[in-house]
Amino acid sequence: MFKRIIVFTHTHLSYSSNSASLTFAPSLIHSNHTPFFNPQSPNPSNSPSSTTLSDESSRTNPRIRRFSSPDRESYESLVNRFQYSSSHEDSSQLHLQIFKNGYTYDVFLLNTLVNIYTRIGEMLSARKVFDEMPLRNSISWSCLISGYTRNNMSGEACTVFREMIRAGIPPVHYAIGSVLRACQVLRSDGLRFGVQLHGFVSKTSNSFHEVVCNGLISMYGNCMDSADYAFCVFDEMQIRSLVSWNSIISICSHRGDAVSAIKLLSGMKVEGLQPTEYTFGSIITAASALSQINSFSLEQVMCTIQKSGFLFDLYVGSALVSGFARSGQSCLAKKIFELMDVKNVVSMHGLMVGLARQKHGEEAVEVFLKMKGLVKLTSDSYVILLSTLSELSDLEEGIRMGKEVHAYVVRNGLTDSNVATGNSLINMYAKCGSVKDASSAFKLMRNKDEVSWNSIITGFDQNGYFVDAVMMFCEMRRSQLKPGNFTIISALSSCAGLGFLRLGEQIHCEGVKLGLDSDISVSNSLVDFYSETGRMNNCKKVFSMMQEYDQVSWNSIIGAFSDSDSLGLESVEYFMEMMRGGWRPNLITFVNMLGAISSVNELVRQIHGLLLKYRFADENAVGNAILMCYGKCGHMDDCEKVFSKMGVRRDETSWNSMISGYIHNEQLNKAMDLVKLMLTNGQRLDCFTLASVLSACASVATLERGMEVHACGIRAYVNDDVVVGSALVDMYSKCGRIDYASCFFESMRVKNVYSWNSMIAGYARHGNGDKSLKIFNKMKLEGQIPDYVTFIGVLSACSHMGLVDQGFDHFNSMSEVYGLNPKMEHYSCMVDILGRAGELEKMSDFLNKMPMSPSVLIWRTVLGACCRSNSERATSLGIRAGSKLLELDPNNAVNYVLLSNMYAIKGKWEDMRKTRYLMKLAEVKKEVGCSWVTMKDGVHVFVASDKSHPESDEIYEKIHELQGRMREMGYVPEIKYALHDLEIENQEEILSYHSEKLAAAFVLTRKSELPIRIMKNLRICGDCHTFLRYVSKIVGRLIVVRDSNRFHHFVDGNCSCGDYW
C-alpha cells in the first residue's frame, strides 16, 4: 500500500478530537521497534508537549523536518474536512490525500481513516489500513476495537483487544469501554472474558474511570442473572456522573425491578444530580411494569416528570404514552399524546403498540390513519400497523385491511428491502386465521430469516395445520437454517397434536444438538409434548434434567400428571415439592391440582383451604374447578354452597359444572330444575349443557325429560348444533324412539362421526341390524371415516342378526383397511357373534388366538353362550369360563349366578350347590331384577312377586286374565327360566309374576292406546319375552322393552329381535 515512507513532525502542539485528546508528537520520534509509551507515563495525555519533542528530535534525527506554513494549512484542512466524515467518497478521498501528500506516517490521519471505514461498516478496509500502519498508538487500537463493536463484530473486538495486550500496549479507557460493550453483546460467551478484563483493569489507574465503570455496570447487569455485581461496581465508583446513574437505573428497569429503579432516582437527586430525559425513560419503563399491579406508580412518576419540566419532551412524552398504553390506561395515554407539542413516528409507534397489547386494535388503526400525514412513516410503521390488525374484533375486517397494507408495501418494495415487513404480514394473516394468505406471503419473500420460518411454522401450528407445520420445519432444516427455541416449541406442539411421537423425539434430539434443551421454554414444551403423547416417564426425565425451573415448568409437570387417571396423585408430590422449594402457586397451578385430585375427598378440601389462603377462591376458573371436584366426590351440598356464593360471577362453565354434578350423582330432577332456572334467569344454554343433560336422560331412558330438553334446545337455537344433534339421536334411540332418532338424524345438515355412530348403534340396539349396516355403508360413501366406536355398533348389529361371516369381514377391515387395531370391546363383540350363533368351536379358537388376555366381559359372554347350548363342548368351555370369572372378578354376584344356572341347566346339581355356597362365602348378593314404567302420575317400579303397589290386586287380576287368554292361544310357561330346585307348580307361579309382567299388567289396567314402554335393569328372560309377544297380539298395542342389552319391540305377536337375542 505504502510506496514511500516520509518521516515528518508537526509544529502544532496537540489536537483534541471528539473522542479523546490525542497528542501525536511522541509517536513520531520512535521507530516501529520502540514502545510508544514509556512505563513511567503510560497515558499519552501525560506525555511531554509535542513542541519539545519536535525540537529535540530535530536535533537528534536529521530525517525529521518541520512543516512549512503551506504544509500546515493543507494538513489542518484535511483534519477539518475528514474528522467527522462517514461516507464512502470521503474515505477514498482521505486515503488518496494521505498517499499524495506523504502522510503515511501520520498516526492521527491514519486513525481518522480507520474511523471513517468503521463508521461506514468497511471493517475489512479498516483492518487492512490498521495492519499496514508503520506506527500505531493506543488510539489506533481503540479505533479498531470500537469499530468492531459498533458493527456488531463483538468476537473480533475481543480478539483485537487481546492482540493489543500481547503487543504491550496499555489500553486507554475508551478501548476498555468498547470491549466491555462487546462482551455484553456476547452475553454468557463474553462474560468470562469481561470478568478477566475487570481483573486486569483493577490493577491499573483506569479501574475507577467513569467510562470503564459504566461499561462494567452494563455488562454485569445484562449478562448475569443478578444485578448484584453491577451494584458492587456502582457502589465503588468514586465519582458518579449522570451516565453512571442512568446505566444502573436502566439495568433495574430492564429487569423489571421498579422499586430499586425508583429508589435510585431518589438517591440521584440526593446527590444533587437532576434526572435527564433518558433517566425518566428508564423509570417510565420500570413503572409501566409495576403499573400492571398498582396503577398509581406510573401516575406518581408522571407527576415527578411534570415538576421537572419534561412532561412534553418528545422522548419522555413518547415513553409515557407507551407506558400508559401498555399498562392498560389507554385513555390517559391518548390524552398525553394529544397534548404533546411535537409528535414523531416514535410516539405514534408507542401508542399503537400499547393499544394493540390491550386488544384495542380499532383505536390503534385510528391513530395510524390520523397521524400518517403528520409524521414521516418508516418501514417499522407498517410492521406495527400489521401487528394491530390481528387485534381487531372483526378478524375478517383485519384481513381486508391487511391486504390493503400488503398491496401498499409490495408496490413500494418494502417487502424486499425489509424482512421484518414480510414477517409481519405472515404473523398478521396467521393470527387472523387466513393461513393460505400467510403461506403465500412466506413463499413470495425473497429474503427469509429465522423469524420468517418461525412465524409460518407457528402460524400453521396455532391454526391447527399440524402437518403443514411439521413439513415446514423439515424444509427449514433442509435449508441449513438453525431453528430457534420458538421454532422448536411450535414443531413439538404440532407433533403432539398429530401424535407423532417418533418425529417429536427427533426434534428433541435436534434441540439437544443445538443446545436449545437448556432453554426453559423448550424444556417446558418437551414436558407438554411427552405428556400429550402418553410418555409419562419421559416427562419425568425431562423435568428432572432441567437446570432451572420457572412457574410454567411446575404447572406443566403438575398438569401432565393431572390428566392421567392412574398417575394423578403424582401431581400432589410435585405440588408438595414446588411448595417446599418456595414457589408460590398461581391460578393455573390450582386448576391443575383440582383436576388431579377431583375424586379424592380429603385432598379436595385441603386444596380448597389453600385457595382461600392464597385468595384465589374468587376466581371463576377456580370456582368452576371446585364445583367439578365436589360433584365427582358426591358432595352436592358443598357444590350448592360454592355455587350460591359465586353469585353474579357464574358463567356457562359454572352452570354446566353444577348440572354435570347432579347428573353424576343421579339427581336428574335437580339437573332439569337447574336447566329451567337457567332459562328463567336468561342464562344462555350452550351445547355442552344440553348434550350433558340429554346424555343423562338417555342413561335412565326418561323420554319425557329428554323431549323437554329438546324443546329447551329449540328455544335456545342450538338444536342445529352437530354436538346437540348427535346427543338427541343418541337420547331418542336409548329411550326407545328409534323413529324419532332416525327422523332427526336425516334432518341434520351437518353430521360428524358421533352422529353416525349414534345412529348405527341405535339401530343395532333396537334389533334393526340391516338398517344399521345400511347406515354404515352410507357413512363410508359420504366420506366419513369410521372410528373404534363405529365398529362396536357395526359388530353389535352383526351379532343381533347372526351374521358371523360379515362380522369377521368388518372385524378384519379395521386393521387392514382403516389402520385401527381392534380393542377388547371389539373382541368381545366377536365372541358374542360366535356365541349367539352357537359356533362354540370357533369361539374357543378365537379366544386362544387373541393377542391379549380375555376380559371379564368376554368370559361372561362365553358363559352365557354355554348356558344356551346343550353340547358337552359347551359344558367344558362354560366351566373354564366360570373358573376364570371367579378368579378375575370374585366379588360380582352375576358370575356366580351364571355359573349356577349353567350347572342347573346341565343337571349338575352338586356343582350348582357348590357354586351357591361359594357365593355365600364371598358375601355377594345378586342384583334384584326390577322393571319400571313412566306414567303421568310418576314412575312405577316393580320387582318379582311384588304386592306392595297400591293397585296390586288389579295388577294380579289382569295377569290372570291375560294368562287365561294366552293359554287358549297355546302359551306354555317355560319353567327352565325359574329356580330349578322348586316344584313345577311353584316354578310356574314365580314365572307368572316377573317384574316386566307386573309392569305390563299395570299399564293395561289404565285406559290408554299409547305404546307400552317398560325399562328393565337385567336381561329379559325367555318366558317373559314369549309372554309379551302374546300380550301384544291380544291387546293390539306396541310394547317396547329396554333390558340391559337392547330394545325389544313387540307388535302383533312378533318381536323386532326375531327371537334372537
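Note that Cβ sites are derived from N, Cα and C of the backbone, with glycine treated the same way.
All TrEMBL annotations are machine predictions without curation.
Positions annotated as compositional bias 'Low complexity' by TrEMBL: 35-52.
Positions annotated as domain 'DYW' by TrEMBL: 970-1061.
Per TrEMBL, region 'Disordered' is recorded for 35-67.
The repeat 'PPR' annotation in TrEMBL covers 137-171 (among others).
Among the features that TrEMBL reports, repeat 'PPR' is placed at 241-275 (among others). Per DSSP, the repeat 'PPR' (241-275) is made up of 26 helix, 0 strand, 9 coil.
Under the heading repeat 'PPR', TrEMBL lists 418-448 (among others). If you average pLDDT over the repeat 'PPR' (418-448) in this model, you get 91.
Residues or ranges marked as repeat 'PPR' in TrEMBL: 449-483 (among others). Long-range contacts of the repeat 'PPR' (449-483) within the same chain, counting only residues at least 6 positions beyond its ends with a Cβ under 8 Å from a Cβ of the stretch, are 419-420, 422-423, 426-427, 429-431, 433, 435, 438-439, 442, 490-491, 493-495, 497-498, 500, 503, 507, 510, 514, 516.
Residues 520-521, 523-524, 527-528, 530-531, 536, 539, 543, 592-593, 595-597, 600, 603, 610, 614 of the same chain sit 6 or more residues outside the repeat 'PPR' (550-585) yet have a Cβ under 8 Å from a Cβ within it. The annotation repeat 'PPR' is assigned in TrEMBL to 550-585 (among others).
DSSP states for the repeat 'PPR' (651-685), grouped as helix (H, G, I), strand (E, B) and coil, give 26 helix, 0 strand, 9 coil. Look at TrEMBL and you will find 651-685 (among others) tagged as repeat 'PPR'.
When Cβ-Cβ distances below 8 Å are used as the criterion, the repeat 'PPR' (752-786) is approached by residues 722-723, 725-727, 729-730, 732-734, 738, 741-742, 745, 792-794, 796-798, 800-801, 803, 806, 818, 1046-1049, 1055-1058, 1061 of the same chain, each at least six residues removed from its ends. According to TrEMBL, the repeat 'PPR' annotation covers 752-786 (among others).
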With DSSP as the yardstick, break the repeat 'PPR' (449-483) down into helix, strand and coil residue counts. 26 helix, 0 strand, 9 coil
For a three-state summary based on DSSP, what are the helix, strand and coil counts in the repeat 'PPR' (752-786)? 26 helix, 0 strand, 9 coil
Could you tell me what the rest of the chain brings near the repeat 'PPR' (651-685), counting residues at least six beyond its ends with Cβ under 8 Å? 620, 623-624, 627-628, 630-632, 634, 636, 639-640, 643, 692-693, 695-697, 700, 702, 705, 708-709, 712-713, 715-716, 718
Using a Cβ cut-off of under 8 Å, list the residues of the same chain at least 6 residues beyond the repeat 'PPR' (241-275) that approach it. 210, 213-214, 217-218, 221-222, 227, 230-231, 234, 282-283, 285-287, 289-290, 297, 301, 304, 308
Helix, strand, coil: count each for the residues of the repeat 'PPR' (550-585), based on DSSP. 23 helix, 0 strand, 13 coil
Could you give me the DSSP helix, strand and coil counts for the repeat 'PPR' (137-171)? 26 helix, 0 strand, 9 coil
